[in-house]
Amino acid sequence: PFQCMDCGKCFRWSSRLTHHQRSHNNERPYRCNLCPKAFKGSSALLYHQRSHSGEKPYKCKDCGKAFKRSSLLQVHQSVHTGVRTFLCPYCSLTFKWSSHYQYHLRQHTGECPYPCDTCPKAFKNSSSLRRHKNVHLGLKPYTCTVCKKAFTQSTNLRQHMRIHTGERPYICSECGKSFTHSSNLALHKNSHSNVNVVKEERPYRCSECGKAFKGSSGLKYHMRDHTGERPYRCTECGKSFKRSSLLSIHQRVHTGVRAFQCPHCPLTFKWSSHFQYHLRQHTGERPYVCKECGKSFKNTSCLRRHSQMHSGLRPHVCSVCSKSFSQTSNLKQHERTHSGERPFQCTHCTKCFTHSSNLQLHLRTHSTRKDFKCPYCSKEFVMHSYLQRHIRTHGSGVSLP
């Protein structure tokens, strides 16, 4: 056998040893001619170039979905067979794929075997490490053609594009409901099963309030609620956040990008979550069901708030009036009633607001666009609420058609 002098790992062929040694010296001789990415092996470069060309030569016979690697096709076919061969010894959850199983085990053990060679961070799987390394390199080669948002991986871009296209390729065979991600479909299928789903273990517990989490990162972010630590600061307004993802979302307030267009009415949205919630105003869909009483909700945050009525947990207490809240965001909003803080200021006039949503509504009063037209007299309005109020003047029995 051929042995690596750095780590002692053995290989059957010298070519495999040569390829492995590049993981120690970070040599990547195979470079993509379309973007700055480089690879240790020629096969990895070939697969990567299919991300640019769109070539997917491996097609599923059951549903027609195509893949750029044969291994990805084999993994996908488990969706049709339903085989879940990997059983967790800690919580009895089962998995179709070994990689998902190994990653899940690390939620219990806390093991992070993939360290970054640039900073002290370590990760539970190699793909998370690869994505993280792109932060150091500044690489985001995959750009959305609709809103220009850039991504480190083509899979993230494909998932993002479904927000714009409305594509939901994962369909429940029981009820026909469709989903944008296979993981959401898997969770939904539990609602049809008569088997009692074993409650997911949450081994990481907060020493301050007792709240528990599945992973150490969840606990770390939560602890910042108690310590007040907010390491991610906006360069435009100085506002700080406990997560980098929250900072990215906030920065849209300054850029003004509203990439999500409702197909039912002229409203546009900055954030996917607001867009999805708004769509449910049209469809009436309430996909989040309370296990205690069966009440359903349009989004997860409403379900979480409702669930705390059953649990009685209100760990966040106002230091001025001792009123308690189930969420830190509610406490922060409440504290503005004491401090008088109005951090959201209109760029057209001097008005300030306690909530960003109130600012967005106010901004429409400055707009010359009147997207909401009365079907009875053709009068136009800048806001949907103004149109609804106006329609009542036509008579008590009149409503939007």
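Glycine residues also receive a Cβ, built from the backbone N, Cα and C atoms like all the rest.
Here the structure is a predicted model, which means the values were calculated and not measured.
The domain 'C2H2-type' annotation in TrEMBL covers 2-29 (among others). In the predicted structure, the domain 'C2H2-type' (2-29) carries a mean pLDDT of 80.
Residues or ranges marked as domain 'C2H2-type' by TrEMBL: 30-57 (among others). Residues 19, 22-23, 66-69, 137, 139, 141-142, 154 of the same chain lie 6 or more positions beyond the ends of the domain 'C2H2-type' (30-57) yet place their CB under 8 Å from a CB of it.
Within its own chain, the domain 'C2H2-type' (58-85) has Cβ neighbours under 8 Å at 47, 50-51, 94-97, 169, 182, counting only residues six or more beyond its boundaries. What TrEMBL records for 58-85 (among others) is domain 'C2H2-type'.
If you look up TrEMBL, you'll see 86-113 (among others) marked as domain 'C2H2-type'.
Residues or ranges marked as domain 'C2H2-type' by TrEMBL: 114-141 (among others).
Among the features that TrEMBL reports, domain 'C2H2-type' is placed at 142-169 (among others). Break the domain 'C2H2-type' (142-169) down by DSSP state and the numbers are 12 helix, 4 strand, 12 coil.
Taken from TrEMBL, the feature domain 'C2H2-type' applies to 170-197 (among others).
For the domain 'C2H2-type' (204-231), the list of distant contacts is 107, 110, 240-243, 313, 315-316, 328: same-chain residues at least six beyond its ends, Cβ to Cβ under 8 Å. If you look up TrEMBL, you'll see 204-231 (among others) marked as domain 'C2H2-type'.
In terms of DSSP secondary structure, the domain 'C2H2-type' (232-259) contains 11 helix, 4 strand, 13 coil. What TrEMBL records for 232-259 (among others) is domain 'C2H2-type'.
The residues of the domain 'C2H2-type' (260-287), classed with DSSP into helix (H, G, I), strand (E, B) and coil, number 12 helix, 4 strand, 12 coil. Residues annotated as domain 'C2H2-type' in TrEMBL: 260-287 (among others).
Per TrEMBL, the feature domain 'C2H2-type' maps to 288-315 (among others). Long-range contacts of the domain 'C2H2-type' (288-315) within the same chain, counting only residues at least 6 positions beyond its ends with a Cβ under 8 Å from a Cβ of the stretch, are 191, 209-211, 273, 276-277, 280-281, 324-327.
Sequence-distant contacts of the domain 'C2H2-type' (344-371), counting only residues of its own chain at least 6 positions beyond either end whose CB sits under 8 Å from a CB of the stretch, comprise 253, 265-267, 333, 336, 380-383. Residues annotated as domain 'C2H2-type' in TrEMBL: 344-371 (among others).
Tertiary neighbourhood of the domain 'C2H2-type' (114-141): same-chain residues 26, 35-37, 99, 102-103, 106-107, 150-153, selected by CB-CB distance under 8 Å and a gap of 6+ residues from either end. When Cβ-Cβ distances below 8 Å are used as the criterion, the domain 'C2H2-type' (2-29) is approached by residues 38-41, 117 of the same chain, each at least six residues removed from its ends.
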